[in-house]
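In TrEMBL this protein carries:
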{"type": "COMPBIAS", "residues": "10-24", "note": "compositional bias 'Polar residues'"}
{"type": "DOMAIN", "residues": "29-92", "note": "domain 'BZIP'"}
{"type": "REGION", "residues": "1-60", "note": "region 'Disordered'"}
Amino acid sequence: MSHGVPASGSVLQRSASSDGNQPESPEEDDRKIRRREKNRVAAQRSRKKQTQKADKLHEEYECLEQENTSLKREIGKLTDEMKHLSEVLKDHEKICPLLHCSMNFVTIPRPDALTSCLPR
């Protein structure tokens, strides 16, 4: 059984001739060898470049993940601080003399009334 391969010649013998009839000269063989070597080196360079690019992207991804985690942590802290300050403000509004003053219609508050609200 030949399975589609001609019995008269091997793959190596077929590649040894340029048009199928005449053997190649030693110069043509050398040129093919040099071209294959050059192609092999170029392919290695290309694979190395792709690997470096993938590594760089992975490093960038890791940095962005760390930054994202840090920002989420900061959002949580700021949210907690905002809740705390809102509670403090609500508590202060209950006792603030300026808010409960009968002269709220005055646009410029008296300095002594302002200082009574400030911590000492």
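Note: Cβ is positioned from N, Cα and C throughout, glycine not excepted.
Note that the coordinates shown come from a computational prediction; the quantities given were computed from them, not determined experimentally.
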Statement: On the domain 'BZIP' (29-92), the mean of the pLDDT values is 97
- request: May I have the DSSP-based helix, strand and coil counts for the residues of the domain 'BZIP' (29-92)?
  value: 64 helix, 0 strand, 0 coil
